[in-house]
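What follows is a short report on a single structure.
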Amino acid sequence: MELYEYDEICPSAESEVIPLHARSATRGIEDAVRILIAATGDDPTREGLADTPARVAKAYREWFAGYAIDPARLLATQFSEAAGYDETVLLTGIPVVSTCEHHLAPIIGQAHVAYRPDGRVVGISKLSRLVDAFARRLQLQERLTNQIAEALDEALQPRGVAVVVEAAHGCMATRGVRQHGLTMVTKCWLGDFKEDAALRAELMASLPCRGGSGGFFGNR
Ligand SMILES: Nc1nc2c(ncn2[C@@H]2O[C@H](COP(=O)(O)OP(=O)(O)OP(=O)(O)O)[C@@H](O)[C@H]2O)c(=O)[nH]1
Ligand SMILES: [Zn+2]
């Protein structure tokens, strides 16, 4: 295996310490990607890989855009015109694109978000934005599930919140146990949903759950 000099693949490494959350982190990411490419045994300077560090830096801005989003601001616009509606509001099949904090591998799945309003509702698109704001961070699926539920509960103070996330973990599909087609299902129940088993059952019956039917990294 060919070895590469550190400052050949990582020219800016010693010039400054770059906070990773900042926009200026781009160069630091690019240097890190060159190191990772070299670690695979490939040549980070060959033509096909020359633009890869910049592409990965751009991808990182997209994958981790959630850190810059304030969930409370997302949910700040609320409507009271629907005050007479006090049944469950449910949005199913919200795409989840996240990254596991243990292996930096993708977590791909869907979230189903429900709440029982108490006089106020939010624009339905905000539920999708809320899921995305927490998904586009380094995550554990359990924490992602709880964060979505708690942010909605805090902002809207509804009578209940339910969040179900079903996702496949790239770190299980592509390495380690190397089992694809598995789906992890996590749930968070707050308020009415925590107290009322019939409500939980009704909600679960309304979900187009894919759990156990193949997952997002293909069938076994
Ligand atoms: N509970 C939970 N576990 C996760 C999540 N994402 C990844 N993991 C697991 O995190 C664990 C990390 O375990 P470690 O033993 O520290 O790491 P590892 O040696 O790479 O583990 P293996 O994946 O079993 O090879 C693994 O079991 C992963 O499957 C998640 O969102 N929630
Ligand atoms: Zn993982």
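Keep in mind that glycine also has a Cβ here, set from the backbone N, Cα and C atoms.
Just so you know, TrEMBL annotations never went through curation; they're auto-generated.
These features come from TrEMBL:
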- CYS100, HIS103, CYS171: Zn(2+) binding site (BINDING)
- 29-206: domain 'GTP cyclohydrolase I' (DOMAIN)
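In this view, CYS171 (Zn(2+) binding site) is surrounded by 17 other Cβ atoms within 10 Å of its Cβ, with every protein chain counted. Listed in sequence order, the residues THR99, GLU101, HIS102, LEU104, ALA105, ILE107, HIS169, GLY170, MET172, ARG175 complete the 8 Å Cβ shell around the Zn(2+) site centroid, once CYS100, HIS103, CYS171 themselves are left out. Around HIS103 (Zn(2+) binding site), the same-chain residues at least 6 positions away in sequence with a Cβ under 8 Å from its Cβ are GLY170, CYS171, ARG175. Sequence-distant neighbours of CYS100 (Zn(2+) binding site) (same chain, 6+ residues apart, CB-CB distance under 8 A): PRO106, ILE107, LEU138, GLN139, LEU140, HIS169, GLY170, CYS171. Summarising model confidence by region, the domain 'GTP cyclohydrolase I' (29-206) averages a pLDDT of 97.
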